[in-house]
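Only one structure is covered here, and it is reproduced in the block below.
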Amino acid sequence: MSNHLFLQAITQVMVLVLSGFALARAGYFDPANQKWLSKLNLVFFTPCLLFTKMAPVISMEKFLGLWPIPVIYFLFAGISWIVAQIGSRILRLSEAHRRFVTACIVFSNTNSLPIAIIQSLAFSKAGEVLYWGADDTMDAVAARGISYILFFAIFGNILRWSYGYNLLKNPTKIDSDDKASFANPNTHNASVEQGWTRDTELKHYAATSNPSNAYTSQSSLLSPRPANERSTLLSPRPADERSTLLAFPRFPHDNDDTPPHSLRSHPYVARLSYLAHHLRTQIPPPLYAAFLALIVGLTPPLKRLFFDPSSFLQPSFTTAIISCGATAVPLIMICLGAQMNELLSASRSSQPATVRPVALVIVARMLITPLYIIPVVALFAVVTGGEGHMSAVVADPVFLLVLILLGCAPTAVNLVQICQVHDVFEEEMTRVLFWSYGIVAVPVTIVVMVALVIVQLVT
């Protein structure tokens, strides 16, 4: 059963990774192009993927009916964060590597691998254990499992593209940017106003150096012009006539001493401007897409407008966005394969400072995590299930299996995309993903078997 469960998912991943490796090996995909493609993926394709995956799934009814999912997710994340902090301190990792380890342990694969496992289980003999009632079917088991996975992924994506995105930032850039910004948040505004002042002085000098020209220009504006003369205003001027543009007439109510953006010099406005700039640098485009998906998913008219097959936008706009989003994961895999080529081309042995965080992530994510995920899910099912159950969905065997799979899955693949954009931890992340997905069959197969036994006992 183990080979059947993971063969398709692992093969798909390896084909994409090897494609990127071959392209880089042939010289078509150098590091500069890798970073450019990763940034393009982050800015456009990944937001498209998040929007089209989150908005159709989410609704107020699901929020109320599937309330255990966000509770379990943040419980998993909290325990994983504690494990990462304890392991980092035991190994005496640096602050930068501690952030890296935390991101890798907290954020797991919540899409491709769990969906492949659920689909394989649902249509196998073992899937009969997951039936919820006598009239349940294989198709219904697969549909419910995928629905739970996608709803779980909503909260994973929100936390990953907010907290996780900032965890994997380059520490040196964070320190330098914060010091410069907090030292003088008005620097940008002052430079803008200084440039405006110099431009104003130039215009003032050109207009007042020849009063007769200014008077003539003003009077000519007030008098009617022939058609052929008016048309010259729309024609391009030669380079030597730029001075006449600077000699535009000045009116008595003009106040050149006050710049048009003088509000920016106000301390409160300057602080608000700095805050807006800070938010733009801290919030990545995928997080905006996640918030937009929440708004659309929780607003029935907007949801019908974008995703109802009978609407105008669904077959045109939404379908195009879905097509763009479908390229996000393959691009991540191809960039990962190209990075593997860079590691092999470097032909250098791993330093102890790199080996320790990578080893900690693999051991914690693949071996330690199941030791607390499985008991937490079993205890949650016992406490919230039974006759007076707090949520009906807890009685679904697929629900419990999905929670265990999502909690014990390997590190999320799209973390390598964040590392490439920030130009940090690229070697460490590539090694983590290579070893995690290279040996993933054995630990996850054991987890699936144990999870099926737990599901039988609890339900």
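Glycine is treated like the rest: Cβ placed from N, Cα and C.
What you see is a predicted model, and the numbers here were worked out from it, not measured in a lab.
Residues or ranges marked as transmembrane segment in TrEMBL: 6-28 (among others).
Residues annotated as transmembrane segment in TrEMBL: 40-59 (among others). Residues of the same chain lying 6 or more positions beyond the ends of the transmembrane segment (40-59) and with a Cβ under 8 Å from any Cβ of it are 111, 147, 150-151, 153-154, 157, 161, 284-286, 288-290, 292-294, 296-298, 303, 306-307, 318, 321-322, 324-329, 331-332, 335, 414, 417-418, 421.
What TrEMBL lists as transmembrane segment is 65-88 (among others).
What TrEMBL records for 100-121 (among others) is transmembrane segment.
The transmembrane segment annotation in TrEMBL covers 141-159 (among others).
The feature region 'Disordered' is assigned by TrEMBL to 209-239.
What TrEMBL records for 209-222 is compositional bias 'Polar residues'.
Long-range contacts of the transmembrane segment (287-307) within its own chain (CB-CB distance under 8 A, at least 6 residues past either end) are made by residues 46-48, 50-51, 53-60, 63, 154, 157-158, 161-162, 165, 313-314, 317-318. The feature transmembrane segment is assigned by TrEMBL to 287-307 (among others).
According to TrEMBL, the feature transmembrane segment maps to 319-338 (among others).
What TrEMBL records for 358-383 (among others) is transmembrane segment.
The transmembrane segment annotation in TrEMBL covers 398-420 (among others).
Within the chain, the transmembrane segment (432-458) has long-range Cβ neighbours (under 8 A, six or more residues past its boundaries) at 1-3, 5-6, 10, 13, 104, 113, 117, 121, 126, 129-130, 336, 340, 358, 361-362, 365-367, 370, 374, 377-378, 381-382, 385, 397, 400-401, 404-405, 408-411, 413, 416. Annotation comment: TrEMBL describes 432-458 (among others) as transmembrane segment.
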In the same chain, who gets a Cβ under 8 Å from the transmembrane segment (65-88) while lying at least 6 residues past its ends?
97-98, 101-102, 104-106, 148, 151-152, 155-156, 159, 357, 360, 364, 368-369, 372-373, 376-377, 380, 384, 391-394, 399, 403, 406-407
Recorded stretch that, among 100-121, 141-159, 319-338, 358-383, has the most CB pairs under 8 Å to the transmembrane segment (398-420):
100-121
